[in-house]
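For 40-186, the entry in Swiss-Prot reads region 'F5/8 type C-like'. The Ca(2+) binding site annotation in Swiss-Prot covers Asn67, Asp70, Asn72, Ser81, Cys175, Glu176 and is backed by similarity to another entry. As annotated by Swiss-Prot, disulfide bond applies to Cys82-Cys175, Cys114-Cys115, Cys137-Cys153, with the evidence given as similarity to another entry. According to Swiss-Prot, the alpha-L-fucose binding site annotation covers His84, Arg111, Arg118.
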Amino acid sequence: MKTCNLTDRMKVKMIMLLFQILAISTLQSVSAYIPDRYIQENVAVRGKATQSDQLQGQWDAFSHASNAIDGNQDSYFYHGSCTHTSGGANPWWRVDLLQEYKITSVTITNRGDCCGERITGARIIIGKNNGLNNPECSTVGIMTAGETKTFRCSHPMIGRYVTVYLPKTEYLHLCEVEVNAMLPAN
């Protein structure tokens, strides 16, 4: 009978492989018995939206804050599903969720027919008051025209107010804002 001499390195690799197999099988069996406690849901559609100001003139009817929570991701401004401010200093858009939620991310659909770069640098802030000093969830980097992008908070944030704040002199336009919150599963 031949004996197999394993080197120390081979023994360590085999032990590590066994631990990995054991860990995976244990996690799979445990997760089968833990029910999902939460579901993710867009709670913005239940809220009330406001903004710092509104584009005036022939397009003011297309510029309302509530357009960003109408459930329509159409990114073409002239179809009437986007918001638009007047281009002043530090514009903001806010949704009052009417109650506090545990928020995990915010999804924004950018204007698609032009001007996609305008939103660059916007801050997404979430908190319990309607001011501009609430904690930051994320900062908007470069978004292309018409792009829909999800901005994840580094940890779930408790808040009633979600604000998109643009700290510069610029137009702020949003075609949809979804606030993704954790709700108890039924």
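Note: Cβ is positioned from N, Cα and C throughout, glycine not excepted.
The secondary structure of Glu176 (Ca(2+) binding site), as reduced to three states from DSSP, is extended strand. Across the region 'F5/8 type C-like' (40-186), the DSSP tally of helix, strand and coil residues reads 18 helix, 63 strand, 66 coil. Within the set His84, Arg111, Arg118 that the record links to alpha-L-fucose, no two Cα atoms are more than 11 Å apart, and one pair reaches that distance. A separation of roughly 15 Å, to the nearest angstrom, links the Cα atoms of Arg118 (alpha-L-fucose binding site) and Glu176 (Ca(2+) binding site). Ser81 (Ca(2+) binding site) sits 26 Å from Cys153 (disulfide bond), taking the Cα positions as reference. A Cβ within 8 Å of the Cβ centre of His84, Arg111, Arg118, the residues given for alpha-L-fucose, is found for these other residues of the same chain: Phe77, Cys82, Thr83, Asn110, Cys114, Cys115, Ile119, Tyr171, Leu172, His173, Leu174.
The Cα of Arg111 (alpha-L-fucose binding site) lies closest to that of Cys175, out of the recorded positions Asn67, Asp70, Cys153, Cys175. With a cut-off of 8 Å between CB atoms and residues at least 6 apart in sequence, the same chain places Gly80, Ser81, Cys82, Thr83, Cys175 near Asn67 (Ca(2+) binding site), listed in sequence order. Same-chain residues at least 6 positions away in sequence with a Cβ under 8 Å from that of Glu176 (Ca(2+) binding site) are, in sequence order, Ala68, Ile69, Asp70, Gly71, Asn72, Gln73, Ser81, Thr107, Ile108, Thr109, Thr148.
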